[in-house]
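So that you can see what the record holds, here are the features copied from TrEMBL:
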DOMAIN    3-199  domain 'Amino acid permease/ SLC12A'
TRANSMEM  6-25  transmembrane segment
TRANSMEM  32-48  transmembrane segment
TRANSMEM  84-107  transmembrane segment
TRANSMEM  113-131  transmembrane segment
TRANSMEM  143-164  transmembrane segment
TRANSMEM  176-198  transmembrane segment
Amino acid sequence: ARHLTMIAIGGSIGTGLFVASGATISQAGPGGALLSYILIGLMVYFLMTSLGELAAYMPVSGSFATYGQNYVEEGFGFALGWNYWYNWAVTIAVDLVAAQLVMSWWFPDTPGWIWSALFLGIIFLLNYISVRGFGEAEYWFSLIKVATVIIFIVVGVMMIIGIFKGAQPAGWSNWTIGEAPFAGGFAAMIGVAMIVGFS
C-alpha cells in the first residue's frame, strides 16, 4: 500500500516543476504562472476524476484508451493508445535532457551526453530488476521528490519572510516589478501552459 500511495503522489510531480518553473515565472510573471498552475491543476483534477468514474463504472483490463474505443469509436481508442505510447517515448528523452541540464550545473566540464547515458542506464537497470525491486526503487525516488518539494516550499517561505541572516526579505516585491504580476499578459499565460503541464 505504501508503494502505490507514494508512486501516485510522486508520479504527479513532473520534471517541469524542478527544471522549468523559473522560466514559467519569468515569462508569465508570478500572477500569470500561479493562474496557469491553478487552471492546469483544475483540468488535471477533472480529468482524473472522470477517469476514476469510468474505471468504477466499467472496470477493464486495458488502459484508458479502451474507454475511447467503447464510448467514441474504435479508431479513436487505437489512436489514443498509440499517442499515449508516443507521449511517454518522447518524455523519456525530455527527462534525460532535463537530467543533463541539472547535472551540468554541478559539473559544468562534463559533457552532457555522459549524464544522459548514465541516467538512461539507470532507467534500464530499474526496468531490468524484479517488480518488487522496481516498486521499492519507485517508492524511494518518489519520497525524495516529495521531500524536495516540501523543502523548496519551506525555504521559499523563509526567503519571503527574511529569516536567513544577512538577506533582505523578498516579501511581495516580485509582484510589483516591471509588468508583474502578469508579464506578457494572457498570451504568455497560455504559452507557459505546456511547461506547467510537465510540472
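Keep in mind that glycine also has a Cβ here, set from the backbone N, Cα and C atoms.
Where the annotation comes from TrEMBL, it is an automatic prediction and has not been curated.
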Query = Which sequence positions outside the transmembrane segment (113-131), separated from its termini by at least 6 residues, show Cβ-Cβ distances below 8 Å to it?
reply = 92, 95-97, 99-100, 103-104, 107, 137-138
Query = Most CB pairs under 8 Å with the transmembrane segment (32-48): which of 6-25, 84-107, 143-164?
reply = 6-25
Task = Can you check how the pLDDT averages out over the domain 'Amino acid permease/ SLC12A' (3-199)?
result = 88
